[in-house]
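Novice: Pulled from TrEMBL, these are the listed features:
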type: TRANSMEM; residues: 25-44; note: transmembrane segment
type: TRANSMEM; residues: 51-71; note: transmembrane segment
type: TRANSMEM; residues: 139-165; note: transmembrane segment
type: TRANSMEM; residues: 172-196; note: transmembrane segment
type: TRANSMEM; residues: 281-299; note: transmembrane segment
type: TRANSMEM; residues: 319-341; note: transmembrane segment
type: TRANSMEM; residues: 362-383; note: transmembrane segment
type: TRANSMEM; residues: 403-426; note: transmembrane segment
type: TRANSMEM; residues: 438-459; note: transmembrane segment
type: TRANSMEM; residues: 479-499; note: transmembrane segment
Amino acid sequence: MGISMNLVPYLVGDLHISAAKSATMVTNFMGTLNLLGLLGGFLADGKLSRYVTVAISAAITSLGVILLTVATTIPSMRPPPCDDYRRQHHECIEANGRQLALLYVALYTIAPGCGGIKSNVSSFGSDQFDVTDPKEENAMIFFISRFYFGISIGSLFGVIVLVYIQDNIGRGLGYGISAATMVIALAVLLCGTPWYRFKRPQGSPLTILWRVLFLALKKRNQSYPSHPSLLNDYENRKVPHTKRFKCLDKAAVLDDDCAASTNKNKPCVVSTVTQVEEVKMVLKLLPIWSTCILFWTIYSQMTTFTIHQATAMHRTVGSFVIPAGSFSAFLVITILLFTSLNEKVFVPLARKLTHNVQGITCLQRIGIGLILSIAAMVGAAVVEKERRERAIQKEIKLSAFWLFIQFFLVGSGEAFAYVGQLEFFIREAPDRMKSMSTGLFLSTISMGFFVSSLLVYIVDHATKKSWLRTNLNKGKLNNFYWLLAALGFINLLVFLILASRHQYRTHLPIKPESREEELKSLNNEMIEDVEKKASIQSLKNIEP
């Protein structure tokens, strides 16, 4: 947070890169970071284990932040300073490729390291709880909120203390502190090793995914068996058999080639019902996954254009000038506030009203987050319009504290959406794919940042650079915010439709173990149906 939240002012102010290009650089970096979380999840689930992946990723992150410290300390890595007059007339010399090279190396060393941590540390934390024990299962519900509370405390330190040091003392020192704390964090992780619970990797989930899809395609012309119990390894399935994505069941069809007992255990010949159902679980996450992306597109504006807005607003309190990046503290404080309220107020109250252990369901949390993000963009558009009119017509700078509106709404939305999405992807995913599912969640954040970069590119070219300009008074940033609000509203409608149709994993019915039991069940249903119809017919025959 200490890096990403204050990177745009450095790129614009010190390296003289345009606001639109700087925003794209930051969102591409954050997008790559979260996308590589998916790779970290694959490695943890398939080969290295979550603990080893987190430890290696922390070491890589430490190296990346050290390189970033060097890149921002060496004077030759920056173009000549530029005064206000030349900046207003766009005459500043922009940093060249050689000067940006080390910065890019540093950022894209940090990306895989942070991605590996983010995709595995929460799952590794959840591994410390035994879900078969009611007390530990209840404790795990609060773990995710407390986990995120801890992240927010670190973020608050980053955006207040580190951003101030970067702007007023030196970038090198600010990033140097980040590097030192990362090394300390790695040491703390290693010191706790004797007390952890470990789960061995159960094979690459990616291998299972592509193998089931390949076999289903290969056997597409095969006929379905007369009953699901005839599918491979049906009697030993670990999850209920479902009718969704029925076409994938063909991967578990026992044809002539795999009828022999020796071939039933060959993954390249036939899949098991459990493997097929696990792939179905992952596919079932994708519709909700797609509707979570736009929330993070809106969130990304808090790290780019909102910070750039702050540089053009009144930031002085007495004789103290608040760094533009430090205004994101409103975002973190709001997240801390609502995370605490969720645990102490909202969840207990919701439990009493709904009689549900979770209180507010995962999808309800996400829905609340989406609504708040739309409200944030409406508020941001109104504030920017007022700021621009005052600056042009009255030559008065609007107070940067008005940015509290969008920070508060996005922060409260994130407190709901982040926890809701993380819990949704962990709970709904197969047990052997928890880290990968966390990576899938992180990929929504990644795609959100990439969509932001794409929107900036499209809007910049479609409006001929009239909306998004380095000099905000000459642009129309408020129109960009209105566009995001409109897209967010459409996305919310799609989410509500998909969420209403989603069936939680714990609600899936267990099918009978054998074909005989299935036939007996069907027979009972038919008898009940006949009796019901006979009863209705007898009532119709009674004269009034």
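From the backbone N, Cα and C atoms, a Cβ is placed for every residue, glycine too.
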Novice: At an 8 Å Cβ cut-off, counting only pairs 6 or more apart in sequence, do the transmembrane segment (403-426) and the transmembrane segment (51-71) clear the bar of 3 or more pairs?
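Specialist: Since fewer than 3 Cβ pairs under 8 Å link them, the transmembrane segment (403-426) and the transmembrane segment (51-71) do not come into contact.
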Novice: Among 139-165, 438-459, 479-499, which stretch has the most Cβ pairs under 8 Å to the transmembrane segment (281-299)?
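Specialist: Stretch with maximum Cβ contacts: 438-459.
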Novice: Counting CB pairs under 8 Å, which listed stretch among 25-44, 172-196, 319-341, 362-383, 479-499 touches the transmembrane segment (139-165) the most?
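Specialist: So the stretch in question is 319-341.
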Novice: Taking 3+ C-beta pairs under 8 angstroms (sequence gap of 6 or more) as contact, is the transmembrane segment (438-459) in contact with the transmembrane segment (172-196)?
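Specialist: In this chain the transmembrane segment (438-459) does not contact the transmembrane segment (172-196) - fewer than 3 Cβ pairs sit under 8 Å.
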Novice: Other than its close neighbours in sequence, what residues sit by the transmembrane segment (362-383), given a CB gap under 8 Å and a spacing of at least six beyond its ends?
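Specialist: 288, 291-292, 294-295, 298-299, 301, 306, 398, 402-403, 405-406, 409-410, 412-421, 423-424, 427-428, 478-479, 481-482, 484-485, 488-489, 491-492, 495-496, 499, 502.
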Novice: Using a threshold of three or more Cβ pairs below 8 Å, and leaving out pairs closer than 6 in sequence, do the transmembrane segment (51-71) and the transmembrane segment (172-196) count as in contact?
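Specialist: Yes, these stretches are in contact.
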